[in-house]
Amino acid sequence: MSVLGELDLLGPRAHGAACGEAVLKAVAEDFQVDEVLDIPLSGEGEHLWLWVEKRGLNTEEAARRLGRAAGVQQKNVSYAGLKDRQALTRQWFSLHLPGKADPDLGAAEGADLRILRRTRHSRKLQRGAHAANGFTLRLTGLRAERALLDARLERIAADGVPNYFGLQRFGHGGGNLVDARSCAEQDLLPANRNLRSRFLSAGRSYLFNRLLAERVAEGSWNRAAVGDLLAFTDSRSFFLAGEEECRDARLAALDLHPTGPLWGEGDPPSGAGVLERELALAGSEPALCRWLAKAGMAHERRILRLPIQGLAWHYPEPDVLQLEFVLPAGCFATVVVREILDLVPTGQTENPCAY
């Protein structure tokens, strides 16, 4: 089986060649993620919400430990999004405890997991409920000219970056996509829920990245065309662009963006040449598109351009670059980094990115 590389799974950079190279995640503290939740918690209800800090531990394992310590089934443990194992992350979990007092969760805690806050709420934490993720990245072993770095950082702060799905969506060497293709060709879905979700996500993400890569290559990823479906940064709704919408000032302000397809049932609701391009993509991957539709996936959209909120940087040491920024939920920090620097492999088996 051939190993799929970064260009196979993502696509070209938008802002030119990398300015240099660095190491990301020499230690967990080099990659810090804080979930941003815009839900006012009531302090009462049958769901116990936990603000958890974890180090070197993935979200699913943290959820299993919390569930075991609380004595509840895994289906009663919820979280908004997956976070990388090779990082220091803080995120919310909820436990469904109807008619029960707060359990002793000491058995779940340790050097790699700490519960920082507990509160009650009337509803469980839904997947995708977080508004954003805040990142603090420490890039070490830096080999690049500061003037070039500063200019590139100023540019991506002003213009955003292509909103590719990151490498980890596809598994090591693109293995999740390989398995998704195999399932599509055999017209089957894994019985295991986690595997099914992983493979479907890999297939949809690959098709989106293919479309985005085409538009990056021709320089249209950050411009609206007649027939595009436009969406605001934090909205899942979209509307069709005519000539007037293509002149909307909110496009230049990075509030409004063209979108690409997250494939599902039916044809994309885009128009004109945009629809032709998206149907041509589907025609190049017929088995994958049929499989996604048959699995009951709804056709959705994802913004092509990723605005970077609050980007700040400094150099705490001569060979260290520290970045701080906020991204919408579901977006990947390393697609920001790849527009700045090449990452030097550290021998880790997981890809160096989180969302």
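Positions of Cβ are set from backbone N, Cα and C atoms, glycine also.
The model shown is predicted, which means the values in this text are computed figures rather than measured ones.
Quick look at what Swiss-Prot annotates:
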ACT_SITE  Asp84  active site, nucleophile
DOMAIN    160-306  domain 'TRUD'
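Neighbour count (other Cβ atoms within 10 Å of the Cβ, all protein chains): 25 for the residue listed as 'active site, nucleophile'. In the predicted structure, the domain 'TRUD' (160-306) carries a mean pLDDT of 96.
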